[in-house]
Structure formats: C-alpha cells, structure tokens
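Asker: Just passing along the structure, written as structure tokens.
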Amino acid sequence: MKQAMTPEEIKEKKPYLDWSLTEHEYDYICDKLLKRLPNYTEIGLFSAMWSEHCSYKKSKPVLRLFPTKGKRVVQGPGEGAGVVDIDDGQAVVFKAESHNHPTTVEPYQGAATGVGGILRDVFSMGARPVAILDSLHFGELKNNPTMRYKMEETIRGVGDYGNCIGIPNLGGETTFDSCYNGNILLNAMCVGLMNIKDMEHGKAVGLGNSIMYVGAKTGRDGIHGATFASADFSKEHETQRSAVQVGDPFMEKLLMEACLELILKHRDWLVGIQDMGAAGIVSSSAEMATEGNAGMELNLDLVPQREPNMSAYEIMLSESQERMLLCVKKGHEEDVKKIFKDYNLDAVTIGRVIEGENYVLYHEGEKVCDIPVRSLTEDVLEEPSKEIKPQYIIDAEKMPAWRPSFESSGEILKRLLNQPTIANDQFITQQYDSQVRSNTIVKPGSDAGVLRIRHTKKAIAMCTDTNGRFVYLNPKIGGQRSVIESVCNIVASGAKPLAITDCLNYGDPNDPEIFWSLRESCQGIADACRIFETPVVSGNVSLYNENDGQAIYPSPMIGMVGLIKNTDYVIPMHVQEADDIVYLVGKTTADFAGSEVQKMLQGKISGLPEAPNLELIHDYLKNLHKAMTQGLVTSAHDLSEGGLAVSLAESVFDTEFGLNINLSEFDKTLLFSETPGRLIVSVKPENKSAFESLLGSAVQEIGRVTDQRKLSIKLANDELNTDVASLEKIWKESIPCLMKSKA
C-alpha cells in the first residue's frame, strides 16, 4: 500500500506536529538517529513512542527521585507490574494506570478499557488478578447534568468490565471538585498473586525465536491513543472519540486464561510476553526487543485484522484491546497455537528475532520500516523543563493561617456529611461485584480492601488515596500527606505497608508552575516512601490533564498494598462492642488549609497545609500495628476528609452503637482539622494497660462506645449531641439525591 506521504512531503507539510512530535525532535531523528528522512510509517512510530505517555520524556528526571528497591521488592519499575515478596515463595503483583483522556471523551469505553489494560499488565507477569480498585475524580455534580452522565457511564464501564471477567472490585476512592469539570480522572489499579518462580518478563531474545500475536483482531480504534493522552483538550475534544479504544471483557477473560495456562504449565515454550497497550504493536514489540538486546522483524500482512485495507501505520499504532505479544521458542509455535485455539483466540506468528538491533517491518511485500530499535525506546530526546514556584504559594507563606468560625459543631458535621467527597459512595460500589471468588474479607467502604490468600493464614490489604487540594497548596507537603494517608489506611486494616504504585496526574508540564509542582510533590512522595519503607514498584504518569488552559489540581494517586500475616487480626473500621475505650492516635493541630470545612465555608481553598513529622508518625504507626498483631485493638479508622468528627460518625454507621466522647480541652474547630497521621481506635477495657504502654504519648483516651445510637461529643466551647440515624441518613442520601437532580 502506498505511503500517505513521501518523506519529502512529510518534511514540508509537518504532519507530525499534530501527533505531539516537535520540529526539533523531527530534526534530531533525521540528522542524528537515522541520518535520513523517515517515511510516513516510521515517523508515526516515533510520534507514538516519543509521546510523554510512552517515553516519560518530561517526567523521567522526576521519576528518578523515587526509591524503587527494598528487601521485599522482586521486580520494580520497568516491567508490566511491580512484584513484592509476601513470604512462602509467593508475591503480590500490582500496578495502577490512568485512562483520563479516554474517560473524559467517552466515559463508558474509556473506563472499561482502563480496567482491561491494567489487568493485562498484571497477568502478563504470570500473576492471577485477584482485585481491582479505582480512583475516580469528577467535577461538581450540582447543576451539572453532563458531569452526572459522565459519572454514571464511568462507573458502569468499570463495573461491567470487572464484573464480566469475574474479578472483585475492592473499592478505592471518589472525589468531587470543580477543577475536574473539564478533565475527569480514571485511575485503575489491579492486584494479583503469583508464585515467584512463575514470574515472566517482557523481552524478546534468541535468534530465530518467533514473535506471536495472540488475542483479538486489530481494528482502527485507538490509533494515536498514546499521543492523544499526551496533549491537553480543546473545546473540540469530543471529536477525538476515535482515539478511544473499545473493550470486550469476555475476550479478555479468555485471553487471561490462555496466557496463564501457557505461563504456568508450559513456561519452557515461552521467552517473553507483553500487553499491547499504549501505542499498540509498536510499543510492545520495540520494548521487548530492547529488553532482549535484539533486533526484530515483523510481517504486518500476518497481523489478524478486522477491518479491510489497513495501512502499516494503522496496524502498528492501533490500540485495539485484548491483545498480547509473545516471544516463543522456535519449534513451539504450533503448541502455543493449540492452547489459544482451545479458547477460540487467534495465535499467529508475525515475525522473528533477528541479528543486530534493528526494527524491520514489511507490509504488502515492501519494507516500510528499518530503524534502530533503541531509537524508538531509549534515544528519546529529553529536554529540561523550566520550573517556577507559583506566586500564590509565595503569598500564602506570608499570610496568617485560616481558621473556621461557626456556631454549631453539629450543624457543620451534618453539612460535611452531605459533601459528595465525604458522603457514602454505595451508589458507586453497589454496581461492582466485591465478593466474587469468595476471598473478600473487607469490602468497599472501609479504609482498605482486604483479601484472603487461599490455603494460608495471610491476607493482603490495598487502598488508593489522592488529595489534590493539599498538593496544590504545597506540593511537597501534599505529596508526603498522600503517602501518610495510604499508610494509615493500610495500618487501620491490620496490615503492614509493603510498597506503592502511583498515577501522577498533572496538567501541562510545559507550564513552569505545573512542572515545579510535579517535581516538588514527587520529592515529597519519595521522602515519605523512604521513611515508611514503601518503595515505588510501578506506576504511570498522566500529564496534560487540562481543558482550554484550565488544569486540574496536581493529583498524584498513591496505591498501596500491605500484608496481614494472620487473618485473625484483620481490623474492622466500625466499633464492635459497647463499653470499649475509644482512643485518638496522633496529635491534632489547627490544620485547615485545603480541608473540606475550608472549601465548604469559604467556597475555595487557601493557605499552607502543615508539614508532617514523618519519623514520629512512622514510629507510632509501627507500634499501633504491633498492638494489632497482639490482639489489643478491636477497631480502627483513619482520619481524613472532614477530620475527627466525620471519622467518629463513620465508625458507628451501620452498627447498633453510639459514642460518648470527652474532648473538653478541644476547641470546637479542631473537630474538623485534617492533621495527617491520625486514627481512632477502640480497645477492650482489659487491654487498656497493654495498649497504652505500647503507644505511650501518641494516644489519648477520648471516650467510650455506648449501646445507644447517639453521638455525644463534649468540647471546650460546644457540645454535640446528635442521633446517629439522622447523621447516617444525610451521609447515605447525598450522592443519590444529587444524581436524581433535574438541575
């Protein structure tokens, strides 16, 4: 098939500018890497592989800040997913990915294929996916029917894909803020389990070994999806639907089972395996060849296609879903085909490993590409980004701290429970199957989801956490607080934190203020990860999250996994028994910058969040976890949005109990402070002495669990006495009422 343009026409008309490749990069490719003009197919491959989504050319210097090694880390960043040792020859495998741009444009398919892609990353490692989590960030729902529609479709996409494939969704988080009105965020996380001996890699090596394409056929959906994800939106972004992929969860289920059968039962046939994700065939094949220090030759006429007359450019850049690329030992091609045939899936040899390190493509009898493979994967032109500290942060450093003023603590609590970010998210989670496979111990709605590991006493805990408001106000402190939030959630479940994955969601990195925020927040994340011994083992970067120049808050999502060695000590979020003692873990300060109460009362956020004492928090959380493993803690709940008052209320929702709390030395405003690193725990009276001796000054006894459904809080300058049922009604009805609104 004739190329769409000659190399000379490409140089003159510059179509690559529409694919996020700059003129400087084009000249560098021509003059330094190829020493000739690239043809249409080749420049298409460069534009995809050099996109930020694939190359991380802007963010690589920042990613180097992260600690990636640890005594339990088996595989860090660089493969399909991170792998962490959980003893007994087993590992937990996990990764998070963003699908923000596709979900904003086409919410159902964008969300569904976001889930599908992250599943393939995990099972390509040889792990069976056991849980899905999602971190969803929407604009304001009130008076915004478009956002309500996008939310419904996003949730439906996540639920349909996960439910059809039979993997439980163990929760995550949902937040609402006007900064996401033009660019919603969908971050999906998958957790899998495997025996370490079964781990696979994405590599192609061994002269003459075959490159096999398996799974669904290739169509024209998702072409230039990677470059679409590496540019901001315009008012015309609805026309970009063709860059959104279409998923088939039933095909994914078959593909997963076939791949796992091959990996677990016939690993001697397999050299390497990788998902065809962003940038489709070119990304998976070029990365596998690079990893194996090999060359690769592909015949695109052999690629299974569901649409006629596809060009080499279209075949290589299609992001059709449910496809994998294998490197198979020569002589075992028919064996592999038989496995996939049993699942009614295509399995076709489309190429081979060759001498040298060139990447060669043939289409319709012509050589359409012959370039050094590393020019696509490693020779990406990195350009230093400009950075500048935003003026609003400089100004905030000179301003006095904001503190709320109000009459009634009870009324403020009711208003906070009605805020969508705080309100019960059952409207969302009830659309997900959280119990399939019968291993779920703690369902969505708690601080962390908990899943038992069959045939052992172990369990894994998992959570996702984001708070863009804190990161916006002070990126470094906000990054630290994001990690603290995840650590608290994992510890609250009874688990020891192991490692994290991340999704770094930011605006245009060419804006010096945004790039400064990216670097500073990642430094904060790195600092906290070192203190809490939670290395970064996987993740992704999603930049250009803005619409018509309006960027989202810098929103790094932390996905954390922890280990529970004995399921007898899984800790519930809700109080369990009347007369148990209630403790506040961690010190409370007047920390209101970026808080829910500030946004609710001011209509905006401002000021500087307090810097946490990372070492202090690490030490007392370590002691709290020790108390849990000794059976001293009955329940635990993290303090986050809304502060102490909200967490106290949540700990008695869906129970028969109430709380009698004495905070006579607390100013009423402190009920709503969001000081990080705090939890409320309940302890049986007979365990009081042992618990206090372990935690010391880090805990304060604040009250008792009662058998009456009343929340009573005595303060220095107020008293809150409220029926729990009325609070729970507000909390549960907020989101459903907004979704039913006609406005």
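Quick reminder: no glycine exception, Cβ is built from N, Cα and C everywhere.
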Asker: Check Swiss-Prot for me: it has Ser98, His99, Asn100, His101, Arg120, Glu319, Ser320, Gln321, Ser542 binding substrate, so pick out which one of Gln3, Gln245, Gln630 it puts in that same site.
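Answerer: My reading of Swiss-Prot gives Gln245 as the candidate in that site.
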Asker: Among His53, Tyr56, Asp121, Asn540, these being the recorded positions, pick the one whose CA is nearest to that of Ser98 (substrate binding site).
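Answerer: Given the candidates His53, Tyr56, Asp121, Asn540, the nearest one is Asn540.
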Asker: Enumerate the residues of the same chain, Tyr56, Lys95, Asp502, Gly539 excluded, that satisfy the criterion Cβ within 8 A of the mean position of the Cβ atoms of the recorded ATP site; list them in sequence order.
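Answerer: Here the nearby residues are Leu63, Pro77, Ala96, Glu97, Thr501, Cys503, Leu504, Val536, Ser538, Asn540, Val541.
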Asker: Largest pairwise Cα distance, Å, within the listed ATP binders Tyr56, Lys95, Asp502, Gly539?
Answerer: 17
Asker: Among the binding-site residues Arg120, Asp275, Glu319, Asn540, whose Cα is within 10 A of the Cα of Tyr56 (ATP binding site)?
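Answerer: Close binding-site residues: Asn540.
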Asker: Please report the Cα separation of Gly539 (ATP binding site) and Glu97 (Mg(2+) 1 binding site) in Å, rounded to an integer.
Answerer: 6
Asker: With His53 (active site) as the reference Cα, tell me which of the recorded positions His99, Asp121, Gln321, Asn540 is the closest one.
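Answerer: The smallest Cα gap between His53 (active site) and any of the recorded positions is with Asn540.
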Asker: Are there binding-site residues among Gln321, Asp502, Asn540 that sit within 10 Å of Asp121 (Mg(2+) 2 binding site), Cα to Cα? If so, list them; otherwise say none.
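Answerer: So far as Cα distances go, none of the binding-site residues lies within 10 Å of Asp121 (Mg(2+) 2 binding site).
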Asker: Which number gives the other C-beta atoms within 10 angstroms of the C-beta of Asn540 (Mg(2+) 1 binding site), all protein chains shown included?
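Answerer: There are 24 of them.
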Asker: Count the Cβ atoms, other than its own, that fall within 10 Å of the Cβ of Gly539 (ATP binding site), considering every protein chain shown.
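Answerer: Neighbour count, Cβ to Cβ under the 10 Å cut-off: 25.
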